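As annotated by Swiss-Prot, compositional bias 'Polar residues' applies to 1-33. Residues or ranges marked as region 'Disordered' by Swiss-Prot: 1-40. Annotation comment: Swiss-Prot describes 54-308 as domain 'ABC transporter', evidence class sequence analysis. The ATP binding site annotation in Swiss-Prot covers GLY86, PRO87, SER88, GLY89, CYS90, GLY91, LYS92, SER93 and is backed by sequence analysis.
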Amino acid sequence: MSDSINTEPSTDTQTNGERTVETTSPSAETTAGESEEQVRDEWRHYEFDGDTKLSVENLDVWYGDDHALKDVSMEIPENSVTALIGPSGCGKSTYLRCLNRMNDRIKAARIDGSVELEGTEIYDPNANLVELRKRIGMVFQSPNPFPKSIRENISYGPRKHGDINKGLLARLFGRDDTEQEGELVERSLKQAALWEEVSDRLDDNALGLSGGQQQRLCIARCLAVDPEVILMDEPASALDPIATSKIEDLVEELSKDYTVVIVTHNMQQAARISDQTAVFLTGGELVEYDDTDKIFENPESQRVEDYITGKFG
């Protein structure tokens, strides 16, 4: 933790299946150049029914000397869509990558704090990163299909993890490897709302698909290894309105079975598809986290209201 951080610790209580999360914003001394009024936000109070999937406590991230994320604490409920919004450079993508340790790949990155997946610390030195990234999948901003067939894009992950060879799919479907693979490909593409468009050309190169189809293929590829959490970093930012609408419909459908955390610059998109929204502002600070309707209709923080209404950012 940096000496520049001066916050009261977050509290977490649970009563009758309802979890309460409280956070306190940084003191005025922590935000050089901003007025006291800008940083004098009251603590946010967020309640949700059901179970917590991810729990983040006092998370800080530095890239060299740059303090990119400051003392973030929040809990993410399972089987829901959590949107992360904020201006460019506010730390929302950095935060997203912390949830499956993608920042570990950046040599200059230093991470302090705790992230738990169903009570298990993912930053434990003995954590299995391959297994972690199977449980918490990632879909990136730009579609990145493998230069292979559509079929191979889907089956690559399960084969790499040994699911097919170890007979996991045999137990699920009672068929040999070839039939298991076919079932897996069809199931994953149907989940990603792509099957009807590509079922007659599974052996075609995936690079021949449109941008929107490629992104849904990447989502299907993520689903093929049966994750519990799906992280999405602006998955529709490079797509046209029709393709974007399909991605949004897909995200809402996926939240019935998966926990989805999505970064978006599109506030209208966040309002349409998410159950709860976290607002990050310049300096890597989580300013407010609440039900999406509350964030967009009656935010507690004046800074969040100014951002939502376009007064800055």
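Glycine is no exception: its Cβ is also placed from the backbone N, Cα and C atoms.
Locations of recorded Swiss-Prot features on the structure.
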{"residue": "GLY86", "record": "ATP binding site", "CB count, 10 Å": "26"}
{"residue": "PRO87", "record": "ATP binding site", "CB count, 10 Å": "14"}
{"residue": "SER88", "record": "ATP binding site", "CB count, 10 Å": "9"}
{"residue": "GLY89", "record": "ATP binding site", "CB count, 10 Å": "13"}
{"residue": "CYS90", "record": "ATP binding site", "CB count, 10 Å": "24"}
{"residue": "GLY91", "record": "ATP binding site", "CB count, 10 Å": "24"}
{"residue": "LYS92", "record": "ATP binding site", "CB count, 10 Å": "27"}
{"residue": "SER93", "record": "ATP binding site", "CB count, 10 Å": "21"}
According to DSSP, which of helix, strand or coil covers SER93 (ATP binding site)?
-> helix
Give the sequence-ordered set of same-chain residues, not counting GLY86, PRO87, SER88, GLY89, CYS90, GLY91, LYS92, SER93, with Cβ within 8 Å of the centre of the Cβ atoms defining the ATP site.
-> THR94, PHE280, THR282, GLY284
Three-state secondary structure, which DSSP defines for SER88 (ATP binding site) = coil
